[in-house]
Amino acid sequence: IGENKDKPYLLYFNIFSCVLTTDIITITQNGLACPTPQVCVSSCPEVPWTVETDQLSQSVGQVFYAANRNFCLPGVPGDMQVLQSLRQELCPSFLLPSTPALGRCFPWSNSTVPKLPGISNTSIAQGISGLLDSLNARDISVKVFEDFAQSWYWILIALGVALVLSLLFILLLRLVAGPLVFVLIIGVLGVLAYGIYHSWEEYRVLRDKGASISQLGFTTNLSAYSSVQETWLAALIVLAVLEGILLLMLIFLRQRIRIAIALLEEASRAVGQMMSTMFYPLFTFVLLLVCIAYWGMTALYLATSGQPQYVFWAPNVSLSGCEHVPMNTSCNPMDQPVNSSCPGLMCVFQGYLSTGLVQRSLFNLQIYGVLGLFWTINWVLALGQCVLAGAFASFYWAFHKPQDIPTFPLSSAFMRTLRYHTGSLAFGALILTLVQIARVILEYIDNKLRGTQNPMARCIMCCFKCCLWCLEKFIKFLNRNAYIMIAIYGKNFCVSAKNAFMLLMRNIVRVVVLDKVTDLLLFFGKLLVVGGVGALSFFFFTGRIQGLGKDIESPQLNYYWLPMMTSILGAYVIANGFFSVFGMCVDTLFLCFLEDLERNDGSVDRPYYMSKALLKILGKKNEVPPGDKRKK
């Protein structure tokens, strides 16, 4: 089109700029392109050439146009001096033999190149690699933007479907919790039974063939062990033991499983009475974004608080006038270059000064910032747990439901937590933060010493990391239950943590059964939501759902997996947020249930607050006050 109609190829004046520019900010400002002049040409250069010293005083017409080197920018007059055109970067100072590819002229990596400092076959290869990276980054970024522009509303619809599915699953648990749990348990038993059958069939076939591990010997090819009978015999024994243990647990722990199911149904009713609690994770998410954004801005200000360093740089130091320029030496960007005769001489940013007392102080401030980030994040999460626990505890301890439930249970719990329990939450968050910082330090040391450790040192490091991981999990478990006790009784963190731990230890079997049943149910719920949204997204974005009409056609995409994976990730985040609230509800009601059992006896003065279903399972009942026919 226009004057470039017969010029289908793009020539880069200095392809080595694609390698020299490593600053991500500069690359972005240049639009993911190499910072060198580019011109459309009808054919790529076929022979190497560079401007000679005696040609600098000649005209562009004599050096370029007369020799059929039409590689200058459009509009360069033929009477312009070559030296002036090079200084203004209007014409190339050298040419490399190139071949056309992807609409651009790529130099030959094994060709004879001009004798210029800094140019070799290796640097040519690096320049081509940098050019391809910039092309790929720009092309992929445009395609990604196009895909999101075409499918953003369909992604929002998929996220809405995930939200509705999560909410319906939780609300319907009051009706289907019992059958669903037993179906899942039977499914696990069926999978184990099939595994036993398959292992027996494989073992029988290999036994008849006489395939034994003694014939195979030791090998690093793990897949080879599937062809020996001992492997399938071991699998058969393990699966049979697991099947037997699960059957025994169903027989002897059926009463506790019924209690767990009743608590799940009660949790579903509690969430139905307090629908606002399902959207509280959005508030927690906003607070976490504020904390992370504040830390990011503070860290960025600290990182750029040092003394910037600028150095001289030129695209081609072999040109006339650049011989005596002190390259890579300090300069002032506000001043003009001392030697302006060097074409393209610039004072460029190299980095920030990394030595000195000020820099050491800034590093210490960065450490404090990271510590504060961990502490504030853990405090925000603790705030969410304590607020939800307070709201759900008010549901359990309401004797007549829903009449005795507070009008605004979530906002009341939030204000009560901020007013009375901020210090307790901060103390619990600090304990968890110290453990997490210790884990980070250990990971840093392990990363720095990797490759220089002997097997014994690696084993010790692995043991330390495992111990700290277990300690972090225990602290999180203890803090979670301590926050529930804080929400119920309002006592300090240490007393609440001790009381919660002792209460759970006195009912350890119930704790394990409820935890595993809840995990199984919530895992199935997440699988249902994420799998359903993922399947719908796959069939829709790949165009495999036909007959929906013109208004519901799948968009034309470059990468169909991009909106699909975005929908799946968003569905997982939504499901995880909803089910985390439900899990907190189950844990709160469970602790309230245990407290109810220990504090009350069903008398008129100390009636049980649990539901009728739990009273029936436990074989307990409340005494009826004289003259009052209402029963709990």
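Just so it is clear, glycine is given a Cβ too, placed from its N, Cα and C backbone atoms.
Remember, TrEMBL labels are computer predictions, not curated facts.
Per TrEMBL, these features apply:
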- 152-173: transmembrane segment (TRANSMEM)
- 180-197: transmembrane segment (TRANSMEM)
- 232-253: transmembrane segment (TRANSMEM)
- 279-303: transmembrane segment (TRANSMEM)
- 373-399: transmembrane segment (TRANSMEM)
- 420-442: transmembrane segment (TRANSMEM)
- 482-505: transmembrane segment (TRANSMEM)
- 517-541: transmembrane segment (TRANSMEM)
- 561-594: transmembrane segment (TRANSMEM)
Which residues, given as numbers and ranges, are at least 6 beyond the ends of the transmembrane segment (561-594) yet have a Cβ under 8 Å from it? 144, 147-148, 151, 154-155, 158-159, 161-163, 165-167, 170, 263-264, 266-268, 270-271, 277-278, 280-282, 285, 385, 388-389, 392-393, 395-397, 480-481, 484-485, 487-488, 500, 503-504, 506-507, 510-511, 514, 518, 522, 525-526, 529-530, 533-534, 537-538, 541, 609-610, 614
So which of 152-173, 180-197, 232-253, 420-442, 517-541 is most in touch with the transmembrane segment (482-505), counting Cβ pairs under 8 Å? 420-442
Which listed stretch (373-399, 420-442, 517-541) has the most C-beta pairs under 8 A with the transmembrane segment (180-197)? 517-541
With Cβ-Cβ distances below 8 Å as the criterion, list the same-chain residues six or more beyond the ends of the transmembrane segment (420-442) that contact it, or say none. 370-371, 374-375, 378-379, 381-383, 386, 461, 464-465, 468-469, 471-472, 475-476, 479, 482-483, 486-487, 490, 492-493, 496-497
For the transmembrane segment (517-541), distant same-chain residues with Cβ under 8 A (at least six beyond the ends): 151, 154, 158, 161-162, 165-166, 169-170, 173, 177, 180-181, 184-185, 188, 257, 260-261, 264, 554-555, 557, 560, 563-564, 567-568, 571-572, 574-576, 579, 582-583, 586
